[in-house]
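Q: Have a look at this one.
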Amino acid sequence: MKKTAIALLAWFVSSASLAATPWQKITHPVPGAAQSIASFANGCIIGADTLPVQSDNYQVMRTDQRRYFGHPDLVMFIQRLSHQAQQRGLGTVLIGDMGMPAGGRFNGGHASHQTGLDVDIFLQLPKTRWSQAQLLRPQALDLVSRDGKHVVPSRWSSDIASLIKLAAQDNDVTRIFVNPAIKQQLCLDAGSDRDWLRKVRPWFQHRAHMHVRLRCPADSLECEDQPLPPPGDGCGAELQSWFEPPKPGTTKPEKKTPPPLPPSCQALLDEHVL
C-alpha cells in the first residue's frame, strides 16, 4: 500500500518537471466577460476567476502550481460545496487542480481541465486543517484495494460518500469521475435515493480524488458540452464491465497527437504569448 501511495503522490507532482506548454506562459486571467471556449479537452477560457486560497471551508493544495483558476461558476460551486460540507460536519474540503489562468493544455497529468469547468477534489475530509507543507506536497489517500475490485474498508467512510453525493446533486454538475471500485461502493450504499448516481462515472485511476465537471454556462456560446450520461444509476452491466479482464489482444491505445486548437483559443495564444 505504501508503494501505491508513493505512486499517487508522484502522479500529482510529476507535471511540474515536464516542459511547459504555451498556456503556462499566461500568468493571469485574460480580461473580459467569462467565456468557456470549445471542449473540456481542447479549449481555453477568457475572464477566469481566481479561487481564493483562504477559506474556512476548504484548503487549496499545490498553490505553487497556480492551477486555481476557473469559470466563476466553478469558483461558486467549490464555495457552495465546501460550505455544505462544513454545515454537515464532514470536514475540510481539499481542492486540487482546477485550470490555468487562460485554461488550455497542461504539460502533464490532465487531458481535460482546459475550459475552467473541471476541478479535482481529494476524497479526504480532515477534521484538522492541513499545514502549508502538507498542502504543497499532499499525501493522497488511496481508497481502492490493490486488485482494484473494491474500496479499502478502513479508509472508506460515509462522509466521503456524502461529499460525492452533495457534489452530484448540484445542478451545475454534469459528471463526477471516480474509480470503478468507488462507484461500486456508492451503488451498494445508496439505498433508494439513486438519481444522483447517474452523474458519477467510473474512470481509470481516480483512486484518491473525484474529478467534478460542470455544464457549459448558458452565455459561453462556444463551449461544447458532453452528451448527458446514459439514463439510470449506472450500477449494472456498464459498471461491471470495468472489473472484467481485458479481452485477448487488447493493447493500450497509442498516444494521440493533440488536435489543432479551436480558432478562438489560437487567437488568444497569438495575442498573449506568440
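Cβ coordinates are placed from backbone N, Cα and C, and glycine is handled just like the others.
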Q: Regarding the disulphide bond with Cys187, report which of Cys223, Cys235, Cys265 Swiss-Prot records as its partner.
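A: Looking through Cys223, Cys235, Cys265, the record in Swiss-Prot gives Cys235 as the partner of Cys187.
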Q: Which one is it, Cys223, Cys265, that Swiss-Prot ties to Cys216 with a disulfide?
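A: Here Swiss-Prot pairs Cys216 in a disulfide with Cys223.
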Q: Taking helix as H, G and I and strand as E and B in DSSP, count the residues of the region 'Disordered' (225-274) in helix, strand and coil.
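A: Summed over the region 'Disordered' (225-274), the classes give 17 helix, 0 strand, 33 coil.
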Q: I'd like to know which of these disulfide-bonded residues, Cys187, Cys216, Cys223, is least surrounded, judged by other CB atoms within 10 A.
A: Cys187
Q: Write out the long-range same-chain contacts of Cys44 (disulfide bond), meaning residues 6 or more apart in sequence whose Cβ is under 8 Å from its Cβ.
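A: Non-local contacts for Cys44 (disulfide bond): Trp23, Ile37, Ala38, Ala102, Gly103, Gly104, Gln114, Thr115, Leu261, Pro262, Ser264, Cys265, Leu268.
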Q: Where among the binding-site residues His113, His150 do you find the Cβ with the fewest other Cβ atoms within 10 Å?
A: His150
Q: How long is the line from the C-alpha of Cys216 (disulfide bond) to the C-alpha of His113 (Zn(2+) 1 binding site), rounded to the nearest angstrom?
A: 13
